């Protein structure tokens, strides 16, 4: 606090005789130059140059397939000479790194375009290297569609975490909420032999877990992280128990597969590359678009969002203007649970699978990571979740065409990136101020 | 609006915070509620504001009985409150802060930002506030944050405005501006309840003074009462407003900092080439408005903050590169600014708190294992020497009153061999009895020949203790002046005016509070 | 000023989470204030919940439900029998089996309970040290995996003399866990990275790391493609204590020793004083000269070491071969053990034995009555949720609250009580009247 205020302290006073000038000068002199990012770029670019370029077999070609059957225009497959392609991309990366270094030295700030462009070049170079001389196509559409598919539960989970934490409730139980949603969706869909009934039921399961979380947190002031961890165990225990008893005893009735149908959007779904990826999806995915877009607007521009953020930042201040802190937290956490429950439905009815024990397989924790990396922001969380989904998708595609990089490493990537993020490497992460703190009048 | 309380009683468990309070605030009146820290002023105001519900009694507004189930109801009824710790959200803009809870919306709950901004601008214009509606709260200076709070209250048509210790964070000149605002509000018919424990302020500002002591109203007074009268009413006995002390007999320089520079983690210079020399047997007070580098000075001396430049010398040894532990062992006695966060560990026993910064030193441990019986014996002996009122030393320290906790801290620091004493806001939040005790203890330490550095934002405390005063503004020592320097001069220096100029300006223009001083002396 | 300082010092990454940690102390204290009665009642409620689950899913009971109104007696009788069978199997599997053929078999269950308890106690102690120091180490799982992995590799890849081999394998396990915990600890100390997030991420990284290692022939040394390692040498195994038909191994002695060590560390050593001080109030600890970053890192290193030791003991005493599922749910069980034990060494030991018993009994229950062992997870989590919220347990059993006020006003009472504490803090007092 005092850090920030000191220099401006008395700007209100008319009798300012001491000028702020020397101080500011001193500041710019003493402000350390941030070398972290430029150096990272440089290292990654060198990695790309040394590994991806020079380890690519000479004369090899990397083939990318861009088309699917239903496109308006069928794009031809693209063949790129591996060495030359990787070399060009690596040089471009080096150029960006040099630019970053130059700007850092001159204390010039750069926009987000630089990391995004850099990332794109790096990933492309990697793909060229991974696919070099394999004789198989790298299916770009499959890769991207897979990325979106794998991101769906992450995005729902991250939105859930975001709504809860913005109102001050830390949610470690996203994993449990996804699992509960998957379970109830499968059971309800199977019982009523309708995937849509499953979709309707799933949010209630997630909301119930959210309800338990917020009940213990708000009413009994139990540490929210502990409640979250224990709720995960509870949901795993309950669903596994029911799976081993009821669901296996009569799987025809309770655990038969149901799948949400794909609903291609006429026209849009036929655009090359992005059409089949984005617009030939189930209603669940379209719902996800709506939820992310709505949260993007509502969190910052609506009365609901303003009050939610107030309660999460400074509950007492919210209370003094007549906002019911407990009610806001309860409502939002239950609502958030509903969102996660929907995401859970993706594991079962979303993909036409029966319920299996612990089928959420840690996705809830990646969702948590995506939310943190996205800095409690719908847009950021979306991008982070897509990034994580993409890295898993690359892992899957590469393991089918055979690649020198172990798929475990790619699967690890989201977790590693998140550790770097919370360690302050990817910029300062600043959670809602009153997160995890019970409000006691 | 007329506000009336009849027999309002508020209990917390067995503790009665407010005992049958009767109070009447007339329309357009500035009514001061005067009482010591912990007397129950804030509880009473929170009750009026609907944060607490009273066990007994009633609240009347314009002779109509009202009950509040929450602050929302109170605001609805026309009561506004500016809390001592502002109820503002650092990451919100001014507009967002002001509209929170009363958002103008368009369809689907989307906020009408243009309308909200217009409201802020309208009220700012009406009262001549210069507040940017799009500024982030955390970027605003404290004075401006206070104005946002006032705008917040006024935007809801508050006709009774409660100000809880509003001057605690302001310079005397900023206080003047606040007083002007209060008078302007009074003109427009707003009733103001003004909570404070500062005698000078009530005499300068209030139309009427109600004194509260230990939860009860003990009397009313008019602004022309003397400070001594008010003080004895407030404390319940005759008090000496100034601590008796002999003139200092400064020896040679025992402690000094030279060219000390500290940069905050955000990269701002918070301490800029500060140099101070303190002689043995002398108290140097550092005065200034909160947040001008005093905290950082104390922290840098103890080693909690790294200094990028300069020296810290104690008895000829440069401490700058030492760890906190080594500095403590070199003989710094330290009383931190915020007792509950820095001074004690509330859940630890009194014994454990007593050895808190000596836990791995002889005789309390052999470096690896601790010696509980030795610790306990020492704690029993020293707490009784410092007259700490306690059950047993095995109780958690949180069971003690603030004053007694501070005594434990003092006992801890003074019972070891210290060669320099450093205290930051040593009496913040304490009652008058404890304040006297702390001041006496510090003066005794001085008389033993220890150089003492006391950081305080309370001018009363500064003029009470100081042999010399260093005034800080924006991380710079504006000047060092004798202990009996005129408050107007200090006030101007606290706003950054250099010494000579401050003397000159103070001659021409008295602040309202300074003027009240003159009146009192006459 | 202090609250402001806490809330929005931007230079402090995760400032809010820090607040959450100080809340942890409130939670832990709340736990330790609740009496044994609360614990006992929580167990009772959990057993009732478990019973209801068993009934709801039991085919026989369901069939009697079909003619409930014709013969309600059938329903109740069947229900009673089902529950009796399940819980008696649970008890026989965990403590003493009076139906067993030989006396040795009768007492075998309690030794199985202790076998299960060994990793739970060791890892639970590791988690408990974190809790006492204000750190939520959710990374037990990863630290156990690393511990087991290191211990296993040392155990089968080297040929060493009898005592030395075991010792080295145990130390290696502890080191593996310490390194994994240490990553979180050092990151927290250096950058303020929140340990909850880092340890959760490290759990998953450990999982994939193990999966990768198990595909490497230089690592598993089996000559087959199975993702499972070679068995550890006899010289590296924790020796059996009772011989013959018993699996109880020297790990239990290790667990007892660790319990005593952790007690001494926390209650009697200067390092433990630092740990508890940073847990309760890191600011005050810093002001008192404690090197907070160093202590923070050490907490997670020692805690991780204990978890790693738990993993090592599990592998060297029970499993012998390293597989992908080596840690099972041990990591999360350890958290519940530490919570149930209220982060005290003895409490953690006893909680470990209790949950070890539930596991051991669960196995027999599953074998004899077909009740899936997953119900143990439900029992565990219900117990821990309830002991964390004593007012809830009191409400379930219509017990009076400690201050004897009626329950209906519980909510307001709690609030007022806390407000009173807040109000009394700076309050007035004797000095004035002096």
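Backbone N, Cα and C define each Cβ position, glycine as well.
Please treat TrEMBL annotations as automatic predictions, because they have not gone through curation.
Residues annotated as transmembrane segment in TrEMBL: C:36-56, C:113-131, C:143-160, C:166-187, C:196-214, C:246-266, C:295-316, C:322-341, C:348-369, C:375-397. TrEMBL lists C:406-434 with the feature region 'Disordered'. Residues or ranges marked as compositional bias 'Low complexity' in TrEMBL: C:417-434.
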Long-range CB partners for the transmembrane segment (C:36-56) (under 8 A, at least six residues beyond its ends), listed in sequence order, are 79, 82-83, 86-87, 340, 354, 371, 375, 378-380, 382-383, 386-387, 390, 393-394, 396-397
**Asked** So, do the transmembrane segment (C:348-369) and the transmembrane segment (C:246-266) meet, by the test of 3 or more Cβ pairs under 8 Å (sequence gap 6 or more)?
**Response** yes
Best-packed against the transmembrane segment (C:143-160), counting Cβ pairs under 8 Å over C:113-131, C:246-266, C:295-316, C:322-341, is stretch C:295-316
Quick tally over C:113-131, C:166-187, C:295-316, C:322-341 of CB pairs under 8 Å to the transmembrane segment (C:246-266) gives the top stretch as C:113-131
Note: vs the transmembrane segment (C:166-187), the recorded stretch with the largest number of Cβ pairs under 8 Å from C:113-131, C:295-316, C:322-341 is C:295-316
Outside the transmembrane segment (C:113-131), at least 6 residues beyond either end, the same-chain residues with a Cβ under 8 Å of its Cβ set are 24, 28, 94-95, 137, 140, 143-144, 177, 181, 195, 247-249, 251-252, 254-255, 258-259, 262, 265-266, 275, 279, 299-300, 302-307, 309-311, 313-314, 317-318, 330-331, 333-335, 337-339, 341, 343-345, 348-349, 351-353, 355-357, 359-361
For the transmembrane segment (C:295-316), the distant same-chain contacts (Cβ-Cβ under 8 Å, at least six residues beyond its ends) come to 118-127, 129-130, 133, 135, 137, 139-140, 143-152, 155, 166, 169-170, 172-182, 184-186, 188-189, 195, 232, 236-238, 251, 254-255, 258, 262, 265, 271, 274-275, 278, 285, 322, 326-327, 330-331, 334
